[in-house]
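Student: If you look up TrEMBL, you'll see A:Cys92, A:Cys95, A:Cys132, A:Cys135 marked as Zn(2+) binding site.
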Protein chains: 2
Amino acid sequence: MSDLLRRLRARGWRLTAQRRVIAEVLDGEHVHYTADEVHARAVELLPEISRASVYNTLGELVALGEVTEVNTDGRVRRYDPNAHEAHQHLVCSGCGAIRDVRLTDDPLSALPEGERFGFQVAQATVTYYGRCPECVAANAAPGPAGSPTA
Amino acid sequence: MSDLLRRLRARGWRLTAQRRVIAEVLDGEHVHYTADEVHARAVELLPEISRASVYNTLGELVALGEVTEVNTDGRVRRYDPNAHEAHQHLVCSGCGAIRDVRLTDDPLSALPEGERFGFQVAQATVTYYGRCPECVAANAAPGPAGSPTA
DNA sequence: ATCCTATATTGGACTCAGTCCAAGTCAAGA
DNA sequence: TCTTGACTTGGACTGAGTCCAATATAGGAT
């Protein structure tokens, strides 16, 4: 993900080994790791990396708009590197799997003027809940992984 | 909120002083308290009520479908007694104020078949973020109260 | 009205995600 | 190669939420 690293460097970011590793971990499609998952994967590549650095770096990436915070279960925050394409999330209430999805309409258009209470509305997040093919097949009981709470 | 209590009684719920008090606290429009806020208000009415009872009771109300869990900031869970009317939420990113809003369209219709990845999609939650009239007037800086994370 | 017991409540210890901080390290410009 | 301000570290800390064994009580049975 040298694209990301190049952008960050242009913005004056100091390129440390820790940040490189975190950027590498966040590379991919439909990636929605928790901070601890990012840390676990980062440790594989750089054993001495600390939890604090992971939290710091993720927070900075979010502030820079390079990563989006996602909360699908009301518990843990997850980090989505797909921040440059508008999308929403589809969550399996069985196993917690998360997919990025693109909608046909801007969700803002579904909120009528009379329901805006004078707010200046800027943004909408939509989370869909259902069961993924594997969980439907397994008829798994709904677990704690992803119940609707947003 | 004796309506609620009557329904719960019909379902075999034991009506304790604690549960009555929690039901009373949850009575009202646009109510979205955290568990600790519910506890603080319940203590006013029944000083010896414990945090554990508040958590237990809220969890049961959610399981019974009488209260909905809401998470608008990726941190604290809130409890919405308006569980019988389909609605979504509008959150002020300045002060964290939350309003219930009714949409013109079912958000499920905005998710095309090709984006469902074989999931059996059951539900959607939509959260709108913006600034309430008071925060717009005060031009308050966005605080930690309600940044988009869902 | 009283008894009985399954169900509910309690406080305190515990977990887990996330934050904070002072001390040490290091990237990268001079 | 030096310097320095930005970055990293581990460990202590916070706050939301869970768990549990001991105690209390709602409400049906008598």
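Glycine is no exception: its Cβ is also placed from the backbone N, Cα and C atoms.
What's the neighbourhood like for each of these?
Tutor: Cβ contacts within 10 Å of A:Cys92 (Zn(2+) binding site), excluding its own Cβ and spanning all protein chains shown: 26.
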Student: Excluding near sequence neighbours, so keeping only residues 6 or more apart in the same chain, what lies with its CB under 8 A of A:Cys132 (Zn(2+) binding site)?
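Tutor: In sequence order, the residues whose Cβ lies under 8 Å from that of A:Cys132 (Zn(2+) binding site) (at least 6 apart) are A:Cys92, A:Gly94, A:Cys95, A:Ala97.
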Student: Counting every protein chain present, what is the number of Cβ atoms, excluding its own, within 10 Å of the Cβ of A:Cys135 (Zn(2+) binding site)?
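Tutor: I get 22 for this one.
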Student: At a 10 Å cut-off from the C-beta of A:Cys95 (Zn(2+) binding site), count the other C-beta atoms across all protein chains.
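Tutor: There are 17 such Cβ atoms around A:Cys95 (Zn(2+) binding site).
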